[in-house]
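Trainee: As listed in TrEMBL for this protein:
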TRANSMEM  7-26  transmembrane segment
TRANSMEM  32-51  transmembrane segment
TRANSMEM  77-106  transmembrane segment
TRANSMEM  112-128  transmembrane segment
TRANSMEM  140-157  transmembrane segment
TRANSMEM  177-199  transmembrane segment
TRANSMEM  211-232  transmembrane segment
TRANSMEM  263-282  transmembrane segment
TRANSMEM  303-319  transmembrane segment
TRANSMEM  331-349  transmembrane segment
Amino acid sequence: MSRYQFYLFMLCAFISPALYLPRWLHQARYDGALASVGIAMLLGLLMAWLFKTSLKPFHKLSLTEVMERHVPRHIGLILYSVLGFTWFAAGASTLITICYVIKGFINPNMDFLVLLSCFLVAVYWASLRASIALLYNLELWVFIITPIIVFIWIKGIRNDTFSWDAVLTLNDYVLNAPSWDGIAVASFLFTGYISLSVFQATHQGSGIRWLWLIPLIGTAVFSAVFFIPIGLHGTQAVDQYIHIWVNTADSIQLKYGMIERGVFLLLFSYIIMSLVFAATSWHVAAEWISGVFKERPAHIKRFMIGIAGIAVLVIGYYVNEKQLMTLTHRWFSLRFAAELLLVAVMVIVRRRGRSA
């Protein structure tokens, strides 16, 4: 896999707490969460392998160009529309969520809509940049944020109040039956980058020898975001928090640093990665939606992202955080189903190319 696909994979992994992924898995900790993650890991590896091998003959084309040339128009329209809506919704959910986090943990007196408007202006500008510029920016921030996140994980595990007994208690629930919702949520760690990979640059160097990193790193990220809060808060109380990782980082004290608590480092990482994720997902969504139009007029992306920004302001005004969490939970299922369909279509395209 190319390094840019790897960065998209890391982006999805790091942004998962901002999309309430740990909360949904913690709520299902006795009801098949661990089995769901195991199945999601295997599915993620299989889907990644199928996706990469199906794109090998088309490594000089972007994903949308492959679909325009080799996928029937009516099927393409369905995929363009569904994936475009999916990633517009992903960016919207992330922006609204990070505004709730800032208002709740940094400045409760801040006007929510003013903060959201400022972020929307930044994301609108960034999402209209060239694809390669976005990927370079993503590469930079992944290198900056990764050590910070890993440092917080290590400090959490080494915390005096971390209980391995609480973590090992979940061994009794490993074999509990998984659910579709659990698999759909957990799969974001392993397959979320697939439908983000619309850029030609992400398919350069399309070898599959590094695909083993996906389940390895995905499992490491899951273990951190799932088990560290359990070790610090206990198996019974862990699902009582909305933003579990903000509360977890707030309980981590940095005795010898200029920053007293780990929550400040985490919030810095959250804000940066949320803006990068929103800009990237809206750029990708605009690429998908523009495939609906044969001529692809230059102004269509600006128009679509502008409409999305207005929609986010309206949603932010009328939707409370509980409703947002419910919508985000449903989004995971929609995204997973769309990615299964995308991979299936690409496999069929590859087989037709062989028989032609």
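Every residue gets a Cβ built from N, Cα and C, even glycine.
Note that the coordinates shown come from a computational prediction; the quantities given were computed from them, not determined experimentally.
Burial and contacts for the listed features, if you can.
Mentor: Under 8 Å from some Cβ of the transmembrane segment (7-26) lie the Cβ atoms of residues 33, 36-37, 90, 93-94, 97-98, 101, 135, 138-139, 142, 145-146, 149, 181-182, 185-186, 188-189, 192-193, 196-197, 202, 214, 217-218, 221-222, 225-226, 229-230, 238-239, 241-245, 269-270, 273-274, 276-277, 280, 325, 328-329, 332, all in the same chain and six or more residues away from its ends.
Within the chain carrying the transmembrane segment (32-51), a Cβ under 8 angstroms from the stretch's Cβ atoms is held by residues 1, 25-26, 170, 173-179, 182-183, 185-187, 189-191, 194, 197, 208, 211-212, 214-215, 218-219, 222, 226, 339-340, 342-343, 346-347, all 6 or more beyond its ends.
Counting same-chain residues at least six beyond the ends of the transmembrane segment (77-106), those with a Cβ under 8 angstroms from any Cβ of the stretch are 15, 18-20, 64, 67, 71, 112, 115-116, 119-120, 123, 127, 195-196, 243, 246, 250, 263, 267, 270-271, 274-275, 277-279, 281-282, 284-286, 288-289, 291-292, 304, 308, 311-312, 315-316, 319, 321, 324, 327-328, 331, 334-335, 338, 341-342, 345.
Taking Cβ pairs closer than 8 Å, the transmembrane segment (112-128) reaches residues 91, 95-96, 98-100, 102-103, 134, 137, 275, 278-280, 282-283, 286, 301-302, 305-306, 309, 312-313, 316-317 in its own chain, all 6 or more past its ends.
A Cβ distance under 8 Å defines the sequence-distant neighbours of the transmembrane segment (303-319), meaning residues of its chain 6+ beyond its ends; these are 88, 91-92, 95-96, 99, 112-113, 116-117, 120, 123-124, 127-128, 282, 285-286, 289-290, 327.
Long-range contacts of the transmembrane segment (331-349) within the same chain, counting only residues at least 6 positions beyond its ends with a Cβ under 8 Å from a Cβ of the stretch, are 19, 21, 24, 47, 50-51, 54-55, 66-67, 70-71, 75, 79, 82-83, 86, 89-90, 93, 180-181, 183-185, 187-188, 191-192, 194-195.
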Trainee: Relative to the transmembrane segment (263-282), which of 140-157, 177-199, 211-232 accounts for the most Cβ pairs at distances under 8 Å?
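Mentor: By Cβ pairs under 8 Å, 140-157 leads among 140-157, 177-199, 211-232.
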Trainee: What parts of the chain pack near the transmembrane segment (177-199), using Cβ distances under 8 Å and only residues at least 6 beyond its ends?
Mentor: 4-5, 8-9, 11-13, 16, 19, 21, 24-25, 28, 31-33, 35-41, 43-45, 47-48, 51, 62-64, 83, 86-87, 131-132, 135, 214-215, 218, 221-222, 280-281, 284, 287-288, 329, 332-333, 335-339, 342-343
